[in-house]
């Protein structure tokens, strides 16, 4: 401010002086003119006797005084204003200085502007012939000056932008009470009833008519054991406590219910709806303080279902979905419980033997029997593999499908998961418009089936049997029936049929109709298949998507479930004759949670999922029977947990909890997305991570009872399972084995944090990188992606189809646009009145598919707004060969609070030039989490009509996507399956990197991310630019050849104050390779590592000048001077001093698998012991004396080198022991750091080593496992343990934290030794009677002798699960 002020003062004073002098000159000039004027001069002298007034002089003095006063006032005003301006404090960050080269550039540009102006004026001005030689000289001098002062235009740098407030901050308003005109009780009831699905306005108003207010004083009970369990209780104000009683009369609080939450058990609601209501057994609820409770009787639902029967199927389905996705998810997947969740002894129907029927027979149906074709067997979709679009049958889990026999010529349509063109909206017009249609979608039934069932024009081919049987599988046998039963063994079915067999089957069909309460038995016609499986056959495998109902006729089916963290299966229960199995998965549409295995020969009826839904469409009450059989199998412990575990919803922008809140529960994400943000002491907010479907949130704080460390808010509407702290304590007391599982979960979190915090540098320095991509990579575990075009020229339809084709190779993918939505849900689907129905349908699609793509419209339509609201991530798609622009839709997007992360995707033609000007694309946008360059096939840019485009991509979808294409790379990035390549430093030994790269390409392993240190950063940058090992080898060989030159290093020598060389020659060699390429313009995402000796920290470079940061990462101390960072002037050295193999950084950037190649030198560890002191003369003698024993003692240079690489060595050990890293080290120890002249030899060593390693990978299916979706694999598979042991995180500490239980005042007795899974009868067993002595096989005489041992084993398993009741039946702790 001072310099401009002085300049202004000088300018003002000089201007006044010029004015005064100018005025004086004018006066003199006037006087001179007066004197010389012929007429005026004489007239003046004649009249000189009369005096003339002195008015002009007085006027001048007055004007001068006025000017002086004005100037003085202005000066005083400026001084006062200057003194009043507060001095802003200097920022705490680094002070940027104006460097000398920047000054040179500034003045050089100034001179060039002057030169250009002079040149233009000289060229435009016409000159005479005499001045032409002079002008030529001037032009020549100007050209020389131009050459001397020629300054290239500086490339733009990426502007650092902070995330907008909408990304890091949650909404301040909590709840909708303040902004809604509805009463609080209506809002609370709407929130809790919404758990049962969306009810239309008439239905909801009908329910509200049955609401009852109930006021409670402190200590009053809402309900107690023995009272009816037939209501939903919603807390309007106050606080309720959910308790379980103990044998000593004391109660354990398992859950606190705050205003807005409810107390209910969906299984109890199901009992009331199905007509099997029972009183409370153990659960009670009391008021912790004066409270007001809303009570909604479950009978209100029955009245609603009477008026709207289609809603019955939908509500029961939602209850089943909650049971599987909430209760089982929390208790099995995270707490490791298995057979504790099921009741092992219920009384099924007694079918065989039956009075008056021969024991050797089993019911069959109809008079004709023939072997079914592949059309009758539903192809089961294998996880991680798209279904075969040709409709060919897929092999079973063990390659042995079960042999079905069609009992009649079926006419039901074929069920299959369709891989169809998303743009093909034909056949979708009859989409869901009712609650049953929503249930149909929820059950994941093919749309074509629904169309045919409802009389649509599209009909799937009917299952037409043929006379040619399929190849006989090992798990099934040909049915042979003869009159001598000993000849058939355990296979009672054969080609002979009789009237007696037909009558038996009719009886079995009646039993099935009775069990399912089917009023019209003809509904089973053409929908039932008879199967016989040999001993050991797997009927269905855990995780299967397309499942069926199995009704056991003869024998039994064993139900197994894989244990958590163990490669073992545990038997849950045994399905006896007369039982249904598979109802839960059929009703929910979720994958099967157990494996069905025929431990011995078994015969059963099978109803496919599509046939069962058609039966339900004809008679909706059938769903009640199926649901009741599921509830009958649940253990009383599950019923208790159904009360305690909540299913909650958080709206977009709302905070789940805030930093510093009390930790009283753990959350599991069911669908949606959450973001975790931490607020530092300075008030700055930082993004910690994002959480998607299946992630566990808040477990560390809840188990350690620490306040919440971060604020977690919803990026979009999110559903969660809530596990209260008291419930967790109750489970730990009852099943102590849960403590081991909790220790495993907690140790993973704590060890990850300790690995970040206990490095040689503080966490804030950037040295400690969290090992889990879920914590640091926001674009991981995505479920929904919105695609937004920059301009109308972007081929959106072709782009989305290409991306969907690539994603299909990873998992089921759905593409939605406004046309598809209107075709499937009707023209009014996007109206505001259909808000909840559309949200529910979209949530179902998210559950049914690995990822959902939302294609926005070209303008800001309601569908575009919906896409942005549903998205976990927004892809902004532009054309890389066009001028950087900001689209109109993007400009509208900038004005809205969009919380989803944004990524820029630039499309390039296959034959076009490489990416350029990426920085300009990024700078003109607000904060983007990343960018990608895609080289697209020619068909993407071809101009075709929609019909031709559809025809083209039908052919494309018939082929599997190329894993090396850029769209496959984008698909892996979006699904969290990125494969990273990390190259270590080691001088000339790094030439072997290229050989390993060549072998990697030949093995077919794609690379999505490249990083490196030192020579690894150089090779990695070449590969990220070229994407070809051959071209990388060619350019690296030329550079290595230049490194063997002797003259350039000699000319680069300098006085060794900082380094031996000036670095100029080395800079030129690197610049010749990369020119002025920016990191942002590389084809592959790239990073390298340097050591910042100014801040004593590790620096990770992901943007900026490529050659400078490669040079900085290769800067050896003592040889080359540190490189000044162009951004902040910090001094950068070789990254190998701190992290020579940065696999952990690649992991933090979202890599699922990291291939790390180490070429560093290995230090000698077998050093000599010389005592407490060391004499240099003694060492000299030992070295000079040829007969003396050699001693291994490091010299001063080696000691300094080892000290410099201490952190690097420790980091390398961490990388080697990590489970995500594939560590490779070629045999290059015989080569030295500067052996660049042996390039080809070192390359061959790396190539041969890579061929051997990757050949083994191919034989061991390692590559296929890398490409398998991380969410389709068993997440509970045991992994390699981290060898790092931190003194503050031992097993004892974790056990003490996790095992901590409430004081004995809240002790709860387990009742029986095995909990409720005892001989204490449940309500269902009471109904069935006390007879437990039935025959398991139904016909002991008909069983083959080979199954006797299996029967004994089965009985021993059941005997192990039985226990004698230790207390009266009334004390059994069931719900």
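Cβ from N, Cα, C; glycine included.
The region 'Disordered' annotation in Swiss-Prot covers 1-20 (among others).
The feature transmembrane segment is assigned by Swiss-Prot to 60-80.
For 81-1375, the entry in Swiss-Prot reads topological domain 'Cytoplasmic', with the evidence type sequence analysis.
DSSP gives residue 259 (nucleoside 3',5'-cyclic phosphate 1 binding site) a coil state; it is part of no helix or strand. Less than 8 angstroms from the CB of residue 259 (nucleoside 3',5'-cyclic phosphate 1 binding site) sit 188, 235, 236, 237, 238, each of them six or more residues away in the same chain. For 195-322, the entry in Swiss-Prot reads nucleoside 3',5'-cyclic phosphate 1 binding site.
Swiss-Prot lists 352-436 (among others) with the feature region 'Disordered'.
Annotation source Swiss-Prot lists phosphoserine at 354 (among others).
Positions annotated as phosphothreonine by Swiss-Prot: 361 (among others).
Taken from Swiss-Prot, the feature phosphoserine applies to 362 (among others).
Residues or ranges marked as phosphoserine by Swiss-Prot on the basis of a large-scale study or a structure entry: 372 (among others).
Annotation comment: Swiss-Prot describes 384-398 as compositional bias 'Pro residues'.
Residues or ranges marked as phosphoserine in Swiss-Prot (evidence: a large-scale study or a structure entry): 420 (among others).
According to Swiss-Prot, the feature region 'Disordered' maps to 449-472 (among others).
Annotation source Swiss-Prot lists phosphothreonine at 464 (among others).
DSSP classifies residue 559 (nucleoside 3',5'-cyclic phosphate 2 binding site) as strand under the three-state reduction. In sequence order, 342, 571, 572, 573, 574, 575, 581, 594, 595, 596, 597 make up the list of same-chain residues 6 or more apart from residue 559 (nucleoside 3',5'-cyclic phosphate 2 binding site) whose Cβ falls under 8 Å from its Cβ. Residues annotated as nucleoside 3',5'-cyclic phosphate 2 binding site in Swiss-Prot: 511-633.
For 629-749, the entry in Swiss-Prot reads nucleoside 3',5'-cyclic phosphate 3 binding site. In sequence order, 326, 327, 330, 721, 722, 723, 724, 727 make up the list of same-chain residues 6 or more apart from residue 645 (nucleoside 3',5'-cyclic phosphate 3 binding site) whose Cβ falls under 8 Å from its Cβ. For the recorded site, residue 645 (nucleoside 3',5'-cyclic phosphate 3 binding site), the DSSP three-state label reads coil.
Proximity of distant same-chain residues to the motif 'GXSXG' (1012-1016), defined by a Cβ-Cβ separation under 8 Å and at least 6 residues beyond the stretch ends, is recorded for 982-991, 993, 1088-1089, 1113-1114, 1134-1136, 1139-1142, 1157, 1159. Sequence annotations record features per position, and here Swiss-Prot assigns motif 'GXSXG' to 1012-1016 based on sequence analysis.
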Residue distribution over DSSP helix, strand and coil in the motif 'GXSXG' (1012-1016): 2 helix, 2 strand, 1 coil
Inter-residue Cα distance where the pair is residue 591 (nucleoside 3',5'-cyclic phosphate 2 binding site) and residue 693 (nucleoside 3',5'-cyclic phosphate 3 binding site), in Å: 15
Among 227, 243, 527, 591, which are recorded as binding-site residues, the nearest neighbour of residue 709 (nucleoside 3',5'-cyclic phosphate 3 binding site) by Cα: 243
Secondary-structure category, per DSSP, in which residue 693 (nucleoside 3',5'-cyclic phosphate 3 binding site) falls: coil
CB within-chain contacts under 8 A for residue 227 (nucleoside 3',5'-cyclic phosphate 1 binding site), separation at least 6: 279, 280
All-chain count of other Cβ atoms within 10 Å of residue 291 (nucleoside 3',5'-cyclic phosphate 1 binding site): 22
Entry from the binding-site residues list 661, 725 having the most other CB atoms no farther than 10 A: 725
Sparsest Cβ surroundings (other CB atoms within 10 Å) among the binding-site residues 211, 243, 623: 211
Candidate binding-site residues 291, 307, 741, pick with smallest Cα gap to residue 623 (nucleoside 3',5'-cyclic phosphate 2 binding site): 307
From binding-site residues 527, 543, 591, 661, 677, the one whose Cα lies nearest residue 243 (nucleoside 3',5'-cyclic phosphate 1 binding site): 661
Spatially closest candidate among 307, 661, 725, the listed binding-site residues, to residue 511 (nucleoside 3',5'-cyclic phosphate 2 binding site) (Cα to Cα): 307
Residues that sit under 8 angstroms from residue 677 (nucleoside 3',5'-cyclic phosphate 3 binding site) by C-beta distance, when 6+ apart in the chain: 168, 169, 685, 686, 687, 688, 710, 711, 712, 713
Local backbone state of residue 275 (nucleoside 3',5'-cyclic phosphate 1 binding site), from DSSP in three classes: coil
